[in-house]
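Just below is one structure, and these are the notes that go with it.
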Amino acid sequence: MERAVLRYKNSVISGLIINESNGLITLKASNGYNMTFDRSEVEFIERKKEESPERKSIEAVEKGQGDRKISVLATGGTIASRVDYETGAVSPVSDPELIFGGSDILTRFTVAVKPILNEFSENLKPADWIRIGQAVADESSEADGVVVAHGTDTMAYTSSALAFMFERMRVPVVFVGAQRSSDRPSSDSRENMQAAINFAGTDLGEVGISMHASTSDGHVSLLRSVRSRKMHTSRRDAFESIGIPPLAEYDGSVKFLIDYRRVSDTVEFRPDLDDRVSMIYFHPGLNAGDLENMIAEKHAVVILGTGLGHMAKDLIPVVKKYTADGNYAIMASQCIYGSTDLNVYSTGRELLAAGVIEAGNMVPEVAYVKAMYLLGQYPHDLFRDLFRKNMRGEIVERDLPVEIIKLGR
């Protein structure tokens with residue numbers, strides 16, 4: 001880490017150098033903003049190296065006086081972090097009041113924050129999904145609800161994995177993320193977490209995601225994990241419910257919008273996953289050799305095809321050989337909204353003849369996770385039938401118009 005003081009035109013600016021490449025230099029200024037300059041246009045007044053601060057873990061803490069206990073499992077991510085503008089480090093928030101302050105959460109609930117991981121979500125692997133799931137299962141014996149604080153980038157993967165691994169749930173499980181850290185005035189972390197706690201205090205018997213319903217404050221949606229997807233890089237309402245309305249909304253109280261699975265008297269957690277599954281985005285120019293290399297040694301592959309679920313005809317023989325060897329090829333659509341239909345055009349019919357399984361209107365990432373779950377849990381000869389079975393609400397009978405979904409009607 002380097003701290004610098006530089007002159008740009010008539011201004012003197014100090015801060016931390018966070019990137020320097022391709023003739024550009026990016027500085028995290030003392031006011032917290034990132035500023036990028038053409039290297040040739042700045043003059044360094046001072047530049048010195050400093051030891052990078054350690055990445056700290058959030059501390060375990062329990063607060064509140066409420067009768068119902070909610071366990072918050074911290075895995076990393078923006079939701080429970082703040083930026084130290086003096087050092088440039090991202091540090092965890094260890095005091096729940098920084099997230100829950102200004103609400104009555106701690107008078108109605110007892111909140112126990114427990115760290116189980118401290119990773120950016122893009123670094124999480126299927127083994128980490130199992131670890132998170134086991135922690136949720138352990139907490140289910142004592143808590144009335146479990147909230148998992150998670151980075152948003154891969155939250156849909158992890159939450160969907162838990163949705164499949166939990167055959168029965170004794171308490172609600174709600175994932176929560178944030179697009180902006182808690183130190184920023186525009187942070188969504190506090191509202192998302194407060195809503196998540198309230199969602200976790202219901203009789204929900206499935207895995208949900210708690211995120212802003214719009215760019216404005218005041219409304220937070222609870223999305224069914226297996227119908228959710230991050231659809232924007234930075235907006236506070238980055239997550240969308242694909243093809244169905246949100247499960248519920250929170251605007252000071254919880255209101256369920258559609259039918260949902262209720263909690264059970266017992267917990268059944270089945271953690272075995274087969275991670276030899278791949279996901280491939282078809283694109284013009286993808287050749288047979290590259291496709292063969294991508295799917296080699298994989299037990300299943302989810303292909304994101306064009307439109308109704310197509311790929312170039314010269315790749316179909318590769319897929320046919322792959323399925324003939326006892327593996328599974330699943331066709332999803334790059335369009336996200338709508339459903340695959342391989343019976344409309346000749347290419348689709350050739351893919352069906354090659355042994356391809358349609359994902360229908362499953363979200364592609366969910367199809368990927370479901371394949372891992374089925375291969376890890378059931379005899380492989382059941383895979384085709386089970387994949388087409390609606391197990392956790394991952395398949396919908398019909399897609400609703402986007403306008404209706406946004407309105408939650």
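Using the three backbone atoms N, Cα and C, a Cβ is placed for every residue, glycine included.
Sequence annotations record features per position, and here Swiss-Prot assigns domain 'Asparaginase/glutaminase' to 68-390.
For the recorded site, T78 (active site), the DSSP three-state label reads helix. Sequence-distant contacts of T78 (active site), defined as residues of its own chain at least six apart whose C-beta falls under 8 angstroms from its C-beta, comprise G151, T152, G177, A178, Q179, R180, S181, S189. Positions annotated as active site by Swiss-Prot, on the basis of sequence analysis: T78 (among others).
Per Swiss-Prot, the feature active site maps to T152 (among others). Cβ neighbour count for T152 (active site): 24 (other Cβ atoms within 10 Å of its Cβ, all protein chains included).
Reduced to three states, the DSSP call for D153 (active site) is coil. Per Swiss-Prot, the feature active site maps to D153 (among others); the stated evidence is sequence analysis.
Per Swiss-Prot, the feature active site maps to K230 (among others); the stated evidence is sequence analysis. Just so you know, the Cβ of K230 (active site) picks up 20 other Cβ atoms within 10 Å once every protein chain is counted.
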Ask   = Mean pLDDT, the domain 'Asparaginase/glutaminase' (68-390)?
value = 92
Ask   = Far apart in sequence but close in space: which same-chain residues, 6 or more away, have a Cβ under 8 Å from D153 (active site)?
value = F120, S121, E122, K230
